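If you look up TrEMBL, you'll see 57-89, 90-122, 123-155, 156-188, 190-222, 233-265, 330-362 marked as repeat 'ANK'. Look at TrEMBL and you will find 1-20 tagged as signal peptide.
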Amino acid sequence: MSRMILPITGSLLVCLGVVAADPSDHQWVVAAEQQRWDLVRESLAGNRVDVDASQPDGMTALHWAAYHNHARSIAALVAAGADVDAKTLYEVTPLSLACEYGNLRAVRALLDAGADADAARRGGESPLMLAARQGNANVVRSLIKAGADMEDKEARGQTALMWASAAGNLDAVDALIDAGCNVETTLKQSGLSALMFAARHGQSAVVMRLLDSGLDVNTVAKPKRSGGRNPRSGMSAMMFAIESGHLQLACDLVRRGADPNDQRSGYAPLHAITWVRKTELGDNPEGDPAPRITGSIHSLDFVRQMVELGADVNLQLKNGKSRGQRLNHKGATPFFLASRGADIELMHLLLELGADPTIPNDDGTTALMAAAGVGVIAVGEEPGTPEEVDRAIEMLVELGIDPNVVDRNRETAMHGAALRTFPTAVRKLTSVGADPNVWNHKNKRGWTPLDIAGGKRPGSVKPSPPTIEALKEAIEASSF
């Protein structure tokens, strides 16, 4: 979910001087690019140059002086009549460029010369936003003193505070808050605020500073619509931190008052950690990369700490529904979702902390059925290897879960094994007592396990001969 803030600025170091100017026409602009300031001053003194001459991309000598933070040359160029607000093809002004690189001397020289403190680039990125992202708080203060609009927004509605927060620039955040910027601004489409940007990027110090400014730790995002690049409705800073792998920050937020059982986003912390630990495989045989865990605790320590802080280890989800072949998450506990991914380590820990493994979801689907594969819709792309699934089945049967349960959708654990196309799971279920007289029937979709293994399933119509063979073996063995 997480998405980096990427303002539409281009990579200036690459594109600013890509096209070389004709030396015969613009030698002195090239001289500024190369920091040959004596030649620049000689050209100005002789009054032999167009002071606003530019390279093909629009870069002038003043732009290069701003980029190189050379205040003396800026003053000389301005005195010679250089346009202090000249724009490149990308609508980059000298001040904008100086702010992007935190060049305080250049910023002050340009502002003293009357540069427009709000002159934005093509995507609406203001000098203040660029300075906030770069992090030089003195540049930020200079711009604010010069009248820069702290509430200005770029094309996507992001503000300077959001940029500083996402980048973790605490001093810049301090400067903006101390100057009275609005800390509660949210994006219209996604509902994200500066606090949520900071939490998603793991910027702990900034998160705490924003909370100190008076923000409610339990405020949530309210996007116009969920899905795509937008977060789920009801996501708090705590949930953004968890799903981005910033687990220490999430615990710290609970200590600051966040609700460890908050499921306004559809899920609570102990549910979310199940997919942070074991992501969907997608097209990658090794699995999609999990979020990089930051802070001083790993995921199992996080679970322990959250329970100590009041998280209910048997909390059942309030929302969710049966959608086609998907697993219904309504009523699911953290243990149930850990079983779905055959996360043996997490399952053991949750049991140690008091989890009840017998609690089914709202459809009556058991943790054993979830581990076997009920609800799998993308063959080979969901968490749980054949070996892990076999271990989970053994573990859950030992905990007393019946392998012959039929849920409200007429699914059984064997239907799940067929959905995974794991012949080993078929044989493991058979060995622990799964009865063909129970499972060899049609589910609500009209499919038997053999039908599913033969290609009647979502996500793939390719038959799985090894799974078919294992199912037939089980049926034949039961007839003797």
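Glycine residues also receive a Cβ, built from the backbone N, Cα and C atoms like all the rest.
Any TrEMBL annotation is an automated prediction that lacks curation.
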Taken over the repeat 'ANK' (233-265), the model's mean pLDDT: 97
Beyond the flanks of the repeat 'ANK' (190-222) by 6 or more, those residues with Cβ under 8 Å of it: 1-2, 5, 159, 161-162, 164-170, 173-174, 177, 183-184, 229-231, 233-238, 240-241, 244-246, 248-249, 252-253, 256-259, 262, 264-265, 294-295
Intrachain residues whose Cβ lies under 8 Å of the repeat 'ANK' (156-188), provided they are six or more past its termini: 4-5, 7, 126, 128-137, 140-141, 144, 150, 194-195, 197-198, 200-203, 205-206, 209-210, 213-215, 221-222, 224
